[in-house]
Amino acid sequence: MGNCGLRGNLSTNRVSSNAKSDSPEVQSPEEKEEVSNLPSNPEEVEDLRRDSAANPLVAFSFSEIKLITENFRKSYLLGVGGFGSVYRGFITQHPEEGLQPLQVAVKVHDADNGSQGHREWLVLNSIHTSHNDVYSFGVVLLELLTGKRSLDKSRPVKQRALVDWAAPSLADKKKVLHIVDPKLDADCPQSDAQKVARLACHCLDQNPKARPLMRDLVDLLEPLQRAV
């Protein structure tokens, strides 16, 4: 059956922004923990800047982003979403001639959202494949089967991701019935729920090459759809 979605630690914290300012602020332990692992890659930033003539993107290093948000100041926090915190900032000047003052948003991805970080890492390195789509589809199957969101911060830290929460039950025919959405009981036979759980388990296999093809998933799911 494989490892049923017990993912390796592939999540990568990323910062996406257009930003610059000054004057740092003392951070709380929670704020320090949130930003301490964010990477800064000067070479990557410089490459983006050199390409700016053909690309409207303005790239900034992590140190510059800290300046524009005044070291991720609480008063600059716009809100917290499923993928992390979003801060506002304002560019008053920039060495590139012709750049006008610009208000920007800085997104700090939450490390708990492993799937999102993993996707951004794959896109950054141009390694998006059909195997990744199958994994994402496995997450969708879990959402439909359990009636739960892919990320829920009300659960314990190690179970916030739906895949991590459901993984211990997916390979067991009896345990999986305990995580099925009660609303499905009337319309979905237990055997069908178990089949969907098995498919999700295969889609979430740690080994991308062991995941099924999308066309095979369609062939396996169509009979279940007709039976409902």
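Glycine residues also receive a Cβ, built from the backbone N, Cα and C atoms like all the rest.
Annotation comment: TrEMBL describes 1-48 as region 'Disordered'. Taken from TrEMBL, the feature compositional bias 'Polar residues' covers 9-26. The ATP binding site feature in TrEMBL is assigned to Lys107. According to TrEMBL, the feature domain 'Serine-threonine/tyrosine-protein kinase catalytic' maps to 125-220.
With helix defined as DSSP H, G or I and strand as E or B, the domain 'Serine-threonine/tyrosine-protein kinase catalytic' (125-220) counts 60 helix, 2 strand, 34 coil. Over the domain 'Serine-threonine/tyrosine-protein kinase catalytic' (125-220), the average per-residue pLDDT in this prediction is 85.
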